[in-house]
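A.B. asks: There's a structure below that I have some questions on.
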Amino acid sequence: MEFAALAERAERVAANDGDIETTLAVAALLADAGAADGGEDDGTERDGSTDDLPVVVRFLLGRVFPAHDTRTLDVGPALCREAIARAAGQNVSAADVEDRLAERGEIGAVAADYDFGGQRGLAAFGSGRDALTVAALDEELRDLAAESGDGSESRKRDALFGLFTRCSPSEAAFLARLVLGEMRLGVGEGTVRDAIAEAFLAPDETPDPGDDSGGASESDAPELVASEDAVAAVERALQVTNDYGRVAVRARDEGIAGLREESLRVGRPVQAMLAQAGTATDAVDAFGEVAVETKFDGARVQVHYAPADAGPGGTEALGPRLYSRNMDDVTEALPEIVEHVAERVDAPVILDGEVVAVDDDGDPLPFQEVLRRFRRKHDVERMREAVSLRLHAFDCLHADGDDLLDEPLRDRHDRLREVLPDAAADLTLADDAEAIAAAERAALDAGHEGVMLKNPAAAYTPGDRGRDWLKRKPDVETLDAVVVGAEWGEGRRAELFGTFLLAVRAENEANGPPDRDVDGPAPAGYATVGKVATGITDEALADLTERLEPHVVDETGTTVAFDPELVVEVGYEEIQTSPTYSAGYALRFPRFVGVREDKGVDDADSLARVRRLAGDD
Ligand code: AMP
């Protein structure tokens, strides 16, 4: 395929404004790029092995190499502007290009504006022999990426300049955006995924234009016809290979069955599974049983290792390789982790974990310390002396020939403990918020960041920030509330108050304090916001009972009301609107922190603050 044709098609893709239209336009482009004898119709020589499809797919996503490939072009904006300036002619400086960029806002438009005359140049020679093809461009960019060492920057600039001089305006725009990885086509990864399914896996039914007999939809609105199964197969293959080009080719050549055969490969990093913020109650509600792990404050690392003479046939030996969350190869910076893995693991593995800096006692140090080591290329040994690192592995994606992505976390964790017991993070199962709070306190006490709450039954979904992994949101603020009621405890604690009704000041409310049918008494000028029974030691309970008993003004069954006297500090996970309490809000998962000895009831928090904390003001 000629580069000019791709650049023009890409412009047309960008001009679409509907998602479906864009996907269909990309699908048509992929189908053409991937047509069996693609390119031969132009009569140029092809060696038969050239396949434009993977290249076109990557280019559309602003890539020359697949995401898992650690090679990069390493062409920055400055180098690109210099190459453009040179191609534009003697009177144009890099500063001029920068000025234009400030006006136009985008490098592709600037490159197109200059009109390097690539096309006219070719016309002047009277032949198309020099027209850039997609394959040739790909090769030149790969050569450019391979430049390293002294003078490599200027060789890259020369190479890019040479390419620009061969470009028409639309090619120049495409090339400038490609080398900077910002295609601006409105084509994201999801679009390309759907387009691959649409181009190569959709049922072959060309509707007969004359056939209006039932079945076909009435409107002419464009539709995607690939099945959900087809899209899921593409998505799956993308997750395990991290290579859009490869997946497009496999979909075209071998269909859904071929895609399903794609598997993980040791040495080819996959995207990390990500977490959403969530609370302990969210986790208990969603998962029932919750896998609680320490949240380590370090840097994410994916460990790939295939020891020599181990493992099932087909797994090539590979020394430990370590990849960052962005799949950069960080192996050289972390020699002790490499040694640790090489000494202990005796089967091919892909592990997920966190590298943490530790002090001489093995206690965790702040995140900034890891950064002193993580991407370091020089002075690695010296820094190794200064900052010690430790690996905490928390997941196992592959072990000894088995891909484990679809296994439940619980089982993956078992495999993790088998392959690398001394680096495997602890996983505890908990089914109530209190147990989670206890685990969190232990993690914080040990100097860690908090806890992760995971669904023990969930698969590992690369690149997904789903609801199966929750990073527990820390309590951001506490509330100083007035204790306005209580319930007597039960059994052993029958002589003590057990649950305390909390209120905030509401005397300044424009319409007077809220007046609702409430669960418990609220004295004039106060509005209730919840009850707290968690986090109170026996000692604190005795103290609270002793201090509050003299202030009882009413008693019904086991419930008492107090005159407002005592202010307590309470933590909570969230404030939500609620019909249960007269404030119209309820604290979720309230936790007793302590008595505010220093505060009188007039210093307690107000309903206005509760509203603000709830995000309503
Ligand atoms: P955040 O960076 O705040 O979005 O939190 C998610 C990150 O926490 C992950 O990308 C990991 O780098 C890190 N992390 C620390 N401990 C764990 C763990 N036990 N499980 C998963 N991620 C963890």
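FYI, residue positions are counted from 1 along the chain as it appears here.
Backbone N, Cα and C atoms are what each Cβ position is placed from, and that goes for glycine too.
Source: prediction; values computed, not measured.
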A.B. asks: If TrEMBL gives Glu293, Arg300, Arg325, Glu354, Arg465, Lys471 as binding ATP, which of Phe394, Phe497, Phe500 does it give for that site as well?
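C.D. replies: Matched candidate out of Phe394, Phe497, Phe500, per TrEMBL for ATP with Glu293, Arg300, Arg325, Glu354, Arg465, Lys471: Phe394.
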A.B. asks: Cα-Cα separation of Lys295 (active site, N6-AMP-lysine intermediate) and Arg325 (ATP binding site), in Å?
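C.D. replies: A Cα-Cα distance of 16 Å.
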A.B. asks: Under a criterion of Cβ-Cβ distance under 8 Å and sequence separation of at least 6, what residues of the same chain contact Arg465 (ATP binding site)?
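C.D. replies: Long-range Cβ contacts: Leu274, Ala275, Gln276.
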A.B. asks: What is the pLDDT of the domain 'ATP-dependent DNA ligase family profile' (382-506) when averaged and given as a whole number?
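C.D. replies: The average pLDDT of the model in the domain 'ATP-dependent DNA ligase family profile' (382-506) works out to 93.
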A.B. asks: Tell me which binding-site residues (Glu354, Arg465, Lys471) have a Cβ under 6 A from ligand 1; sequence order is fine.
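C.D. replies: If the test is a Cβ under 6 Å from any atom of ligand 1, the answer is Glu354, Lys471.
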A.B. asks: Given a 10 Å Cβ-Cβ cut-off, pick out the one of the recorded positions Lys295, Arg300, Arg325, Lys471 that has the most other Cβ atoms nearby.
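C.D. replies: That would be Lys295, with the highest Cβ count within 10 Å.
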A.B. asks: Let me check the 10 A CB neighbour count of Glu293 (ATP binding site). How many other CB atoms are there?
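C.D. replies: For Glu293 (ATP binding site), the count of other Cβ atoms within 10 Å is 22.
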A.B. asks: Please list, in sequence order, the residues in the chain of Phe394 (ATP binding site) that are at least six apart in sequence and whose C-beta is under 8 Å away from its C-beta.
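C.D. replies: Long-range Cβ contacts: Glu293, Asp352, Gly353, Glu354, His413, Leu416, Ala424, Ala425, Leu427, Met452.
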